[in-house]
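Following: one structure in structure tokens, then a few remarks.
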């Protein structure tokens, strides 16, 4: 009877097609676990965020104190806050690995799924940015001031745009209140887009490591991949709890333990680690507007990847030349992340500029050209 309910009930039928009887390629590897891990991350962040919002006060005179109150006086408030703060880092680790897998195995050729994924990344970054402002520490305040000020680079409307976002002539109470509203709202928008992301994915079915049609060799999602995902859940929760309980401030900034002071600028303003690669690209261009456009393009360049696919093969698994350049891109992104956390002085400026040029060159010129060369080598036989 249970089988019939699962397959006949209008609501359960949708769940069944998405989670139980979903046909999945039999050879998908560990790299296909990150989609479900991102779903788990999103649920953890929404739940912990909801409990934090119950005790947080979005007011410049009380925001910092309310976070201290959560950590000291609320039952397990310190744990909820540590899980929420470190959960964001884990979220971005999973996102970057998910994107890397998509780039390596050619999953970007499912254009609708991929483009919605890029929009999801942009929304996730926006959510993390406005969330980082909420504790109202020094780095929160100055990070908000510096990043929002970048919008003034746009001609004609720039200054008006900045003041409109600030709700005044500086980052103040109006800014904090609206950032809290955005931080509360955006995760639910991410949740809605995630459903659309999955709808498009289930239209085409999952890609696989070989990058070939796997219709002849599909197995049901449950129990095979549901248990495989469950292992990933346990591993991720282990890492998250280890980070939250033993090293909760490892990925944070010490400056944020100081209440926001508009009269004292921190010696080195930098965002959270997961934005450092884009921040390094922003800083590597001397022109303000050019830097802002490069910052945006560093993320939206992912939308061009399907258009720049010149190879006759989908996956990188049998393409040694493209593999080399893919791993160079990974190394380059790590170098950019390191540079973004360093002060603006030599040799970091030059290294950042070289890494930024390499980042865009690999996407726009080198990898498409490598694919074209591989096609030529294949046609020799």
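In case you wondered, yes, glycine gets a Cβ from its N, Cα and C as well.
Per Swiss-Prot, the stretch carrying the note transmembrane segment among 114-134, 135-155 is 114-134. Of the listed segments 13-33, 34-54, Swiss-Prot assigns transmembrane segment to 34-54. Sequence-distant contacts of the transmembrane segment (227-247) (same chain, at least 6 residues past either end, Cβ-Cβ under 8 Å): 30, 33-34, 36-37, 40-41, 44, 79, 82-83, 86-87, 89-90, 94. If you compare Cα positions, residue 98 (heme b b566 binding site) sits closest to 202 out of the binding-site residues 84, 183, 202.
Tertiary neighbourhood of the transmembrane segment (321-341): same-chain residues 100, 103-104, 270-271, 273, 275-281, 283, 311, 348, 351-352, 355-356, 358-359, 362-363, 366-367, 370-371, 373-374, selected by CB-CB distance under 8 Å and a gap of 6+ residues from either end. In sequence order, 49, 127, 130, 131, 134 are the residues near residue 183 (heme b b562 binding site), counting only same-chain partners six or more apart with C-beta under 8 A. DSSP classifies residue 197 (heme b b566 binding site) as helix under the three-state reduction.
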